[in-house]
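Below: the structure, in structure tokens.
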Amino acid sequence: VPTNWHITDPDVPATITFGADGHTPITVHVAHNTKTVDKDNVPDGYKREDFDKTVTRTITAKEPSGDVDLSQHVELTRTGTYDEVTKEVTYNPWTTSSFVEVTAPEVAGYTPSKASVEAVDKVTSDYVDPKVVINYVPNDQKGKISYVDDKTNTEIGTTSLTGKTDEDVVINPVAPAGWKIVDGQNIPKTEKATPNGIDTVIVEVEHKTTTVPPTDPKTPEDKLPDNPDKHYPDGVSEKDLNKTIVRQITVVRPDGTRESHDQSVKLTRTATVDEVTGEVTKYSDWTTGNFDEYDAPVIAGYTPSQAKVDGVKVTADSNFDPVVITYVEDPIGQDITVKKGDTPSPEDGVKNHGDLDKVTDPKHPDAKTTYTWKKTPDTSVPGNVPATVIVHYPDGSNKPVDITVHVIDETPIPTKDPDPIGQDITVKKGDTPSPEDGVKNHGDLDKVTDPKHPDAKTTYTWKKTPDTSVAGDVPATVIVHYPDGSNKPVDITIHVVDDTPVVPTKNPDPIGQDITVKKGDTPDPEDGVKNHGDLDKIIDPKHPGTKTTYTWKKTPDTSVAGDVPATVVVHYPDGSNKPVDITVHVVDDTPVVPTKNPDPVGQDITVKKGDTPDPEDGVKNHGDLDKITDPKHPGTKTTYTWKKTPDTSVAGDVPATVVVHYPDGSEKTVDITVHVVDNTPVVPTKNPEPTGQDIHTPQGKVPTPESAITNKDKMPDGTKYTWKEIPDVNTLGKHPSVVVVTYPDGTAVEVKVNVFVDGTPEAKKETKGPVVKKQDKSWLIITWLLVQ
């Protein structure tokens, strides 16, 4: 058999016998030798890959950190029959396999584009690699900016943060309304979004404040600039940030004319408002100012009670007593008569020393007016000795006055009794005056002697006792009886004033009151002064016959019905005057029922919770409507009812309707709003209770009412203090008194105190009450000096 062949016939004889003719040919069937081949038995001329194949499914997971190979591989094989003759292989089919499902790897904070790659049940030799790519998308992440109160460490607001995983999120903090970010913090500009979210960014904040300048004050209706849900509080209004300090300077000229030279300065401050709480946290210091020095006018022949008012720094706490500058005549010399050898008092050589004694100087409050001789007069020899008195004023200035000292012998025998000089007397009705008071020079006459009657004195009697039972001027005659038995008459006038003359230390202010007149009528200005009865009693000793009078500044026009503003000028007996503003209500000449009843004018009402308001209070012009009459129903009045009684059980605004019922039976309605407030309104700051204390004052000096209050520093700005009644400071001892403390909100409380009047008269200020100048030219002067 040939190489690589084999016999296929099973019955091939083992031996052959040849005959003579030979042998019939024997056919032996042969076939090619074959063998099974595979990957492990690869025939020559073939490769392993012909029997073995790797099929791949490529899977790539593109994770954020880098690509991850998730590829799958399977091996397919096949066998074959190798023909050893032809050297060819006849192949059998390839085997098959499968790919299992592949799950996408989890990456924190990301989502894969495919959760998994599905399984393939049958992978054949012709499988095409799909090259699968799994992409990752970053997830949405959230966080916040937390705004924390730097004082309480509590969160008061947030700002949301959003971003993708691994993204740098921009941090842009914006403080909540009314707050601001605390300076100096290390706030990151960005924050990395992590798979677990965005870390909270802590930002410390503090209350924002706004400054209210005095030039732009606010009210509770105004909204805060950076927190419009809040309004400005009380305490930042014009009056809270501005204050005008006034120093009153009044010059009273010798003729009684009063001149006002008041000085004023405006002080201001700012307020700081917390925009979170809406409260005032602080005020700046008040500004300060200055009052210039004021020089009293120079009036020839007169000396001012105060030559100048010093310039002074003005602060918010400054409180200046009113300054009243009066004038006294310059020293008026008068001759002095003394016995030989006696040294006269220089004060006796000044006729008006009583007035000069009252001159004061603020810089030297304890200084007094004194009198010295320029050169002590020589009285060793009888006769007339010229002399000069030097008047030394409290301010250090001085003025000389020349006089004559009449030196008489110890037993002078006057050749002629000196004439009496008369002077008028003012007395209360019913009082009998002393005749001596009607002789101006009674001091000199008292010194007259008579050698024959060494014990006799000069005396004074009435020729006829004057009748003082009726107020007015009464002529009278004083008889002067000299020690030598002679007498001389002198005529004077007795000014009899009412038993209770009102002579105020300061003319009282008029109190205005409205007047109602018919159209076309001119009202009496006196009717516009509520207290004209008291003002009518005011007198002035210098002008005993002068009365208080009343005029219109401008006569009101009453030609048209309506309200006319007007000013009454009150003219006091001393020549001064004061205006008072009033309103003249001009009504129609025939205020009969009009053809059409006037409309009611509504106005809102504010009541406490639970209180039922009066419907009349809801009609602004109810005063006018009350005057309406109806001839057919003369006794009928205008009345007011609620259309429906407003419900005031809950605080808030309640709409309501007032029905006005006119006398003629008709009615009209007007809509208003009732503002219902809580029964226990919250007062931002309760007014503190004032604490009183007993005080001492020199006789004649009225103490300031605020000096009787110990806790003025606890009182709100703008609190005022007044005496309910001016204490009697002319009588020594204890005087129960009442200080009225009025708060800026208008409420007031009374505080009882005791004022002790001490025995040392007040010399620094002018005395209260009349000072009679007994020595003047020819008439009696009573000067009323203000107690400040």
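All residue numbers here begin at 1 and follow the chain in the order shown.
Just so you know, glycine gets a Cβ as well, placed from its N, Cα and C.
Over in TrEMBL, the protein carries these features:
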DOMAIN    47-139  domain 'Mub B2-like'
REGION    208-237  region 'Disordered'
COMPBIAS  218-237  compositional bias 'Basic and acidic residues'
DOMAIN    237-329  domain 'Mub B2-like'
DOMAIN    330-408  domain 'Rib'
REGION    339-378  region 'Disordered'
COMPBIAS  339-367  compositional bias 'Basic and acidic residues'
COMPBIAS  369-378  compositional bias 'Polar residues'
REGION    411-452  region 'Disordered'
DOMAIN    419-498  domain 'Rib'
COMPBIAS  426-452  compositional bias 'Basic and acidic residues'
REGION    501-549  region 'Disordered'
DOMAIN    509-588  domain 'Rib'
COMPBIAS  516-543  compositional bias 'Basic and acidic residues'
REGION    590-650  region 'Disordered'
COMPBIAS  590-601  compositional bias 'Low complexity'
DOMAIN    599-678  domain 'Rib'
COMPBIAS  606-633  compositional bias 'Basic and acidic residues'
REGION    682-718  region 'Disordered'
DOMAIN    689-757  domain 'Rib'
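For the domain 'Rib' (599-678), the predicted model reports an average pLDDT of 89.
For the region 'Disordered' (590-650), the DSSP-based tally of helix, strand and coil residues reads 8 helix, 10 strand, 43 coil. Within the same chain, residues 175, 177-180, 268-276, 278-281, 684 sit at least 6 positions outside the region 'Disordered' (208-237) and bring their C-beta atoms closer than 8 Å to a C-beta of that stretch.
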